[in-house]
Amino acid sequence: MKKINFLGLRNLHLKAHYLITAALGGMQSGITLGWTSPILPYFVSKESFLPELTEGQISWISSLLALGAIVGAVPAGTIADRIGRKWAILLTSVPFATCWITLMVTGNVGSIYAARFIGGIGSGAACVLVPVYIGEIAEASIRGALGAFFPLMFSSGIVFAYVAGAYCSYVIFNAACCMILLPFVLGVIFVPESPMWLVQKGRKVQAAQVLSILRGPRYNSAEEMVVLQDDANRIANTSGGFKDLLGTKAGRKAAITCVGLMVFQQLCGIDAVLFYTVSIFQAANSTIDPFLATIIIGLTEVVMTIFVATVIDRFGRKPLLVISGIMMTVCLGVLGYYFMLKDGGSDVSAIGWLPLTSLALFNIVFSIGYGSVPFTVISEIFPPETKGFASSMSIVVHWSLVFAVTKLFPTMEDRMGQAATFWTFACFTITSAGFAYFVLPETKGKTLQEIQKKLERKHKTGPKYSVEPI
């Protein structure tokens, strides 16, 4: 077992500040994602300031966020390579602020469309930049745990949207979302730049100083600086584009792995659940208040993301994903069965608790695997010369599928029925377990350089699970 450097007590508060500040970008992304769950029921109520909305308009309000995220994700890696991870992360505050201010002053559907699209630009960029930054400042022994900060803050943002949206007026809700940008903007100004990026730009002295801050004052950065310089030399000799990514065995394996993880993360239906949680509970005629049930769902995801942060570097990435895929299948199967009984005219009042239980467990098992692990894998599996481009590509796939799932979910429910819709998602979740078992390389405890060497080697299919002692 590799010795973990805990950075010294004097540096723990600094490390926490840097991680939480950067991950606040993830919280903003989570807020924009969870925003529709409490707001869409308001828009279709008699209290809404909007005229009666069609099903198509409702689906566009939900899905335009994803289209904007695609636009934001595409250039994010390139921008970060040019101006640095830190300042690129700070730039995401511009579309986020524009989104919330527009929503506060808007009075028509067109402005809401525009705000959602612009907010999506910030979300897409943040989903690329924050995991990469955290992956580059983290030590190998605790990179998985630190990488969980992004999905943790993402989930926290969703819960914030659920709670504030349920109990605040429309304007106050959007104003509160905007206010959270203040600690994000002020905090990012004081976080250090990625040492990997600094070495790439020839700023070695500054990179060594950053490593001293991140690892502790007694840390000898010479060995790590040599590794970073080797990576910088490789980057200087490549364009870092699509050809470079697929031109090596390691790059091809990394691309297949991350695209697959993004595909299965979305085709399990998680964002359909997050966008339409209140509506799902209303349709289920559950005995529990839909808004309260939605908040409970969000809180379970936050708690489980914290749990993942404590175990991901002990159990590894692969076992968590396999368990997640299998258990999500069970939850979706049970939820589909409930709707089959309800739509068939059966009395489901005695099991009115089942939708909340199924969705809560679904969120729990999603969080322990496909909710957190893919972002960690993206931050560590790509070679440095293609990391910016490849991370953008993975997030584009992610948000493209968010758009497809959220746009089609209401149509699927209407034409297929809710039972068949959830069973369709279950087919993808069981397939995701097989993908994780047979395709995903285990990266637990390995340096970024060791991961690349492993991807270049031929290896037999089939994982060897091991649990490191505490």
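Backbone N, Cα and C define each Cβ position, glycine as well.
Annotation source TrEMBL lists domain 'Major facilitator superfamily (MFS) profile' at 18-444.
Remote same-chain residues near the transmembrane segment (16-37) are listed as 61-62, 65, 89, 92, 96, 99, 116, 119-120, 122-123, 126-127, 129-130, 133-134, 137, 146, 149-162, 165, 177, 180-181, 183-184, 187-188, 190-192, 214, 271, 274-279, 294, 298 (criterion: CB distance under 8 Å, separation of at least six residues from the stretch ends). Annotated transmembrane segment per TrEMBL: 16-37 (among others), in sequence order.
Feature annotation from TrEMBL assigns transmembrane segment to 57-80 (among others). Same-chain neighbours of the transmembrane segment (57-80): 32-33, 36, 40, 43-44, 88, 91-92, 95, 109, 112-113, 116-129, 132, 197, 275-276, 387-392, 395-396, 398-400, 402-403, 406-407, 409-411, counting only residues six or more beyond its ends whose CB sits under 8 Å from a CB of the stretch.
Among residues of the same chain six or more beyond the transmembrane segment (87-107), those with a C-beta under 8 A of the stretch's C-beta atoms are 22, 25, 28, 32, 49, 68, 72, 76, 79-80, 114-116, 118-122, 125-126, 129-130, 133, 171, 174-175, 177-178, 181, 184-185, 188-189. Feature annotation from TrEMBL assigns transmembrane segment to 87-107 (among others).
Summarising the annotation, TrEMBL assigns transmembrane segment to 113-134 (among others).
Per TrEMBL, transmembrane segment is recorded for 146-164 (among others).
Remote same-chain residues near the transmembrane segment (170-191) are listed as 17-18, 20-22, 24-25, 27-28, 31, 35, 38-39, 42, 49, 86, 89-90, 93, 96-97, 100-101, 103-104, 160-161, 164 (criterion: CB distance under 8 Å, separation of at least six residues from the stretch ends). According to TrEMBL, the transmembrane segment annotation covers 170-191 (among others).
The transmembrane segment feature in TrEMBL is assigned to 254-278 (among others).
Residues or ranges marked as transmembrane segment in TrEMBL: 290-312 (among others).
The feature transmembrane segment is assigned by TrEMBL to 319-340 (among others). Nonlocal intrachain contacts for the transmembrane segment (319-340), taken as residues 6+ away from its ends with a CB within less than 8 angstroms of a stretch CB, comprise 261, 264, 268-269, 284, 308, 311-312, 348, 351, 354-355, 358-359, 361-362, 365-366, 368-373, 417-423, 425-426, 429-437, 440, 463, 465.
What TrEMBL records for 352-377 (among others) is transmembrane segment.
Look at TrEMBL and you will find 389-409 (among others) tagged as transmembrane segment. Same-chain residues lying 6 or more positions outside the transmembrane segment (389-409) and placing a CB less than 8 Å from one of its CB atoms are 59-60, 62-63, 65-67, 69-70, 73-78, 120, 123-124, 127-128, 131-132, 240-242, 244-245, 251, 254-255, 258-259, 261-263, 265-267, 269, 271-272, 275-276, 378-379, 382, 421.
Summarising the annotation, TrEMBL assigns transmembrane segment to 421-440 (among others).
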Close approaches to the transmembrane segment (254-278) from elsewhere in its chain (Cβ under 8 angstroms; 6 or more beyond its ends): 33-34, 36-38, 40-41, 62, 158, 162, 245-246, 290-291, 293-294, 297, 321, 325, 328, 332, 359, 362-363, 366, 370-371, 373-374, 377-378, 381-383, 390, 393-395, 397-398, 401-402, 404-406, 409-410, 421-422, 425, 428-429, 431-432, 435, 439-441, 455
Sequence-remote partners of the transmembrane segment (421-440) [C-beta within less than 8 Å, at least six residues beyond its ends]: 256-257, 260-261, 264, 267-269, 272, 317-318, 321-322, 324-326, 328-329, 332-333, 335-336, 339, 369-370, 377, 409, 412-413, 461-463
Average pLDDT across the domain 'Major facilitator superfamily (MFS) profile' (18-444), rounded to a whole number: 85
Positions whose Cβ lies under 8 angstroms from the transmembrane segment (113-134), at least six residues beyond its ends: 19, 22-23, 25-26, 28-29, 32-33, 60-61, 64-74, 76-77, 79-80, 85-86, 88-89, 91-96, 98-100, 102-103, 106, 146-147, 149-150, 194, 375-376, 378-379, 387-388, 391-392, 395-396, 398-399
